[in-house]
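Asks: Quick one: this structure, given as structure tokens, is what I'll be asking you about.
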Amino acid sequence: MGSIGNGRSDSVVGIQMPPAGSKMVLEPEALQVTTSPVPRWPRLGVVMVATRAVAMVMALLSMSLMVSSKQRGILTIFGIEIPLDANWSFSYSLQFLVAMSTASAAYSLAQLLLIAHKAVKKSPIVPSRRHAWLLFAGDQVFSLAMMSAGSAAAAVANLNRTGIRHTALPNFCKPLPRFCDLSAVSIACAFLSCVFLAASAVIDVIWLSSP
């Protein structure tokens with residue numbers, strides 16, 4: 001057999017082993033892992049700023065319109081002229097609406113200023129889940145408060161416009177149209193502020209559900 005001679009083969013496969021005293025250490029390449037607090041929706045921060053800004057504007061409009069709703073008129077009943085003086089401060093429901101609109105506007109303004117401060121420092125708008133939970137709680141509280149205030153004021157405005165059935169109490173909005181119109185627009189703005197605060201709460205939930 002010519003292929004084997006003197007204990008050697010014609011084709012030799014050599015394997016070089018490391019010396020006995022040497023140590024081989026395999027160092028894996030380090031993988032750079034970067035984490036970012038930005039949620040799955042990159043424009044979610046822009047939507048959050050927009051909803052809070054609109055909620056603040058609606059609350060300010062509700063407050064300013066209700067405060068300016070003052071008017072004097074004359075109501076004629078059976079030929080008797082009765083002077084009327086309509087003012088938002090005469091009703092506890094309208095006072096509650098003004099107070100809650102002011103508080104809601106201040107809350108939204110504080111959140112916008114905080115977001116602007118973080119934008120200047122180039123830090124995340126919502127740095128932690130705890131902060132997101134606080135935002136969610138605040139948005140929920142003020143949204144429900146604006147709904148409650150708007151509903152109470154709407155009951156008073158509807159009573160002024162329609163009067164009381166089965167009684168001789170007339171429609172006060174006929175001699176006081178400006179007061180009733182401003183009150184109605186103010187109440188509508190309050191409900192819009194409630195809607196945008198509720199939208200902010202939904203955005204907070206989306207932020208919390210982000211990985």
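The backbone N, Cα and C atoms fix where each Cβ goes, and this holds for glycine too.
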Asks: On the same side of the membrane, GLY45 and ALA153, at least as Swiss-Prot annotates them?
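Replies: Each on a different face of the membrane, per the record.
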Asks: Could you check the glycosylation sites ASN87, ASN160 and say which one's CB has the most other CB atoms within 10 Å?
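Replies: For the glycosylation sites ASN87, ASN160, the Cβ with the most other Cβ atoms within 10 Å is ASN160.
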Asks: Through the lens of DSSP with three states only, how would you label ASN87 (N-linked glycosylation site)?
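Replies: Going by the DSSP assignment, ASN87 (N-linked glycosylation site) falls within a strand, counted as strand.
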Asks: Pop the Cα-Cα gap between ASN87 (N-linked glycosylation site) and ASN160 (N-linked glycosylation site) into the table, whole Å please.
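Replies: Rounded to the nearest whole number, the Cα-Cα distance is 12 Å.
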